[in-house]
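For reference, the structure is listed below as structure tokens.
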Amino acid sequence: EIFFPDDPLYRFKNQTWRKKLLLGLQFLFPIFQWAPEYRLKLLRSDIISGLTIASLAIPQGISYAKLANLPPIVGLYSSFVPPLIYAILGSSSHLGVGPVSIASLIMGSMLSETVSPRDEPIRYLKLAFTATFFAGLFQASLDLLRLGFVIDFLSKATLVGFMSGAAVIVSLQQLKGLLGISHFTSKMQFIPVMSSVFKHRDEWSWQTIVMGFGFLVFMLTTRHISMKRAKLFWVSAAAPLTSVILSTLLVFCLRSKTHNISFIGHLPKGLNPPSANMLYFSGPDLELAIKTGIVTGILALTEGISVGRTFAALKNYQVDGNKEMMAIGFMNMAGSCSSCFVTTGSFSRSAVNYNAGAQTAVSNIVMATAVLVTLLFLMPLFYYTPNVILGAIIISAVIGLIDYQAAYCLWKVDKLDFLACLCSFFGVIFISVPLGLGIAVGVSVFKILLHVTRPNSSIMGNIKGTQIYHSLSRYKEASRVPSFLILAIESPIYFANSTYLQERVLRWIREEDEWIKANNGSPLKCIILDMTAVTAIDTSGIDLLCELRKMLEKRSLKLVLTNPVGSVMEKLHQSKMLDSFGLNGIYLAVGEAVADISALWKSQPDFPEDCNETRQCKETRR
């Protein structure tokens, strides 16, 4: 129940050994599930969608490699090998695999703080590949050790703030290319970046600015068109490659007059070279590589699984989270040995893949094939591609991560979630990206601890003419029951919150006494704890109930429990605590408790505990 809630071996029950072998292959390699049923009529849709996402993946791969301070060719390598592995191991039919902006930013910022990609490019490249290996190892181990809940500590609220802050930082970093600045800060914080922008105004190039912002407006316009009309999805999908082609032609034709516009230069042709010999497994840089790998691995895994589930829900099929961890982990480990950096499921590529009509993971194979053709034959065509266009592509891709509507929704629904969102947003912008992520996780954990240690409780009242009891603060129709204080506890009761609950119950009693005096109400005689929402209890919680009963007994107040769930009732029975509560200390419902105790008060004003009639009534009722 705890470690295997999905019961992964249920399909193997009562099967022959041959069937078990086939099911085992399908379990480890999902391609064996859909490949036998694949038909040629699906191939046309997969080819169209694969070529469409390839037109997006090629310019994005080059751009995201630059974002991670890696050679542009590494971005193309990362769009070739990982998609092939995911097609074999992945469970999503629509996930478009490749480099993503956030993981690229995190890797670039964390590694460049220690190693300069300009001064020590080989060392930096080795660190990037090693971090990718450990990212994959960490992702796969989450599945093997059944620790997938780790990624749940990144709540939606913190992710909204983190993604928005990262998008702002990524966009500001691209001002270097958009303005044509050659001397730019390597820091990622808002103030150093803006200071560097205005400090080097003498390096601004009007030619670069016109080209960069011109193509940026073009790509944002196509994005807006595609968002308004879903059938025109191909407009925004083709915009990055179109921008690369047009800008490359402009620079080539006007190369004698555009000396201030820098371009990519030579890119080597050929397949991914092996890089297993470049991995660090010892030395002073190992700690940095592991730390970077874990952070980027968590973010990449969170994005990949959430994107896969989003599009699976649209087509009414299920994505296996554990298989996704394994698939993404293995493709990153294999990628690190073939000159790739961290990859995962990209939302922009997956959206294009879905809208283009992808039917299976074959679309990833088609995309990888298109990238292969590019690597083998088309690399010289990118020689004059201006760096400014890569910055424009990155900005147009990450600007959609600034989700102000989600932030506004958080403000309206949950102020604490909104605070978590703001903390992660400003942490990323003004402190650093890794620490911003740490703040996001810290706020999420703090929120969990707050809910655990400070559970909600409320006073309940009766809705006139019914046996229904609800919170007085939420239902105006509910009214107090004379001489009763009915409290609802809305969480498990255990060591972390038992002291708080004791203090809170005593405060409710004090406030109720004050209300009775102010309104000349009937004196308080009985406290009823509605335990409907108490899903668990430990020994500290049992001690709390015993102490409360004793404290209230000294004040001539009776404590009654109602509707404890099965597991709670078992522990109360095993602890022998129910003996001290007596026959009239526990009931199945609040209405039953109020009616029974009120009847006893009328028949026995002093309510003696040893009344035979009372015991007989209780025995009969039980």
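Residue numbering: from 1, along the chain as shown.
Backbone N, Cα and C define each Cβ position, glycine as well.
TrEMBL has this to say about the protein:
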type	residues	note
DOMAIN	474-597	domain 'STAS'
TRANSMEM	17-35	transmembrane segment
TRANSMEM	85-112	transmembrane segment
TRANSMEM	124-142	transmembrane segment
TRANSMEM	162-184	transmembrane segment
TRANSMEM	204-226	transmembrane segment
TRANSMEM	232-254	transmembrane segment
TRANSMEM	365-383	transmembrane segment
TRANSMEM	389-411	transmembrane segment
TRANSMEM	418-450	transmembrane segment
Proximity of the transmembrane segment (389-411) to the transmembrane segment (85-112), 3+ C-beta pairs under 8 angstroms:
yes
Let me spell it out: take the transmembrane segment (162-184), skip the flanking residues so only those 6+ beyond its ends count, and list any with a Cβ under 8 Å from a Cβ in it.
67, 101-102, 105-106, 154, 190, 193-194, 196-197, 200, 203-205, 207-209, 212-213, 216, 260-262, 387-388, 390-392, 394-395, 398-399, 401-404, 407, 424-429, 433, 436-437, 440
Note the mean pLDDT of the domain 'STAS' (474-597), expressed as a whole number.
92
In the same chain, who gets a Cβ under 8 Å from the transmembrane segment (365-383) while lying at least 6 residues past its ends?
46-47, 49-51, 53-54, 57-58, 61-62, 72-73, 76-77, 79-81, 83-84, 87, 96, 244, 248, 263-272
